[in-house]
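Over in TrEMBL, the protein carries these features:
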- 20-43: compositional bias 'Basic and acidic residues' (COMPBIAS)
- 20-67: region 'Disordered' (REGION)
- 44-55: compositional bias 'Polar residues' (COMPBIAS)
- 76-104: domain 'DEAD-box RNA helicase Q' (DOMAIN)
- 107-287: domain 'Helicase ATP-binding' (DOMAIN)
- 298-458: domain 'Helicase C-terminal' (DOMAIN)
- 458-492: region 'Disordered' (REGION)
């Protein structure tokens, strides 16, 4: 009995003595000692970090030496323009090595802060020219410059939504290593979303169509009194589309021309455009790309002499026999475009349509499907096709010869871009062959006219019949039965 009591007291004494170490152990888990924390921190440090916090092998920063470009006679490298390393890095990511004629001509003036007037078509590189100017100026200006919310520092005006979207995409790519906020506003998209982009926020570069910008200005969501650079792209097209009254109101809301830099671009310079350019710029440098420079050397031009009745036959046989992969098909009228869209789809050629009456969401979706290669042929009118920027277009086909020679140049410029080869094919029939001399006069050289081979004019098999649309079953459609529409009954 005494032995049992002794053992019980011994156990109790030992357990009580062991309690403090357990508490200490619990405390040490919550707050590790200084020595243990130092050991853990040393273990967590990466291998390339020394105990003093400095990196033993720091990540190498990009320099122009990482993207060497050899000097070539008659060509200007982007390195020669004294751009910042961040901008040159973005240029190198895009694999831009040498300036196009419009870029070298414009940038040597605009990078010094001078105004400029450029005559150049879409696809000549003018977008990069004015964006590089804008980005360079923004990052060189005093970072402590007083700014206002809702007041862009750079304003780019463009006539169409597609062109605005493309310019924004290019701006984001060129400014990827800069801390700049880029915003685009245009009609046909989510109104509230665009308001939230600008309301009470700082904006460095704003790209806009005139109508939506004026709307936001009337609501006092945007002020233009802090604009440092005003850029107008495709001014002639804005004049044709009736935007000039709106553009004048917008220009008057910006600082006086003496207190801003103005860049003015147009494919053509009729007297009305010349007067506007002179009014809005100060001592501007003028750079013109001659017509022979408008045609890329990488574009092969073919004009087939064909009757109007044989056009579709020639088109389909070319598509099938030559295995064209990515085709932009231009028509002069909307009804012709719709007809071609239906006929090609019926014969198994994946085709999408781009005309002026198609809403913006559908347009963007169709363009994206064509860009990705899900669609083989994009049928477009001139108005809808203006400002389209799609890479790797293998062929441009003019189903109708354009009535304006400059539209012809604009059309064929959709292929053969960025140094890649492309082919332009035009059909000249009894209805529009008289346009050829005007085009040749504009281009300042003769075009080669050929007759299609017999194989290209072979008869087509009958097209599959258009599938009948199933009529929706209406259970109320019975003879002599009229549904009781209580909602339409008026109280007497």
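Placement of Cβ uses the backbone N, Cα and C atoms for every residue, glycine included.
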Counting only residues 6+ away from its ends, which parts of the chain sit with a Cβ under 8 Å from the domain 'DEAD-box RNA helicase Q' (76-104)?
62-64, 66-67, 69, 111, 118, 120, 124-126, 128-129, 132, 135-136, 139, 173-178, 287, 289, 293
What is the number of residues in the domain 'DEAD-box RNA helicase Q' (76-104) that are helix, strand and coil, as DSSP sees it?
17 helix, 2 strand, 10 coil
Average pLDDT across the domain 'Helicase C-terminal' (298-458), rounded to a whole number
88
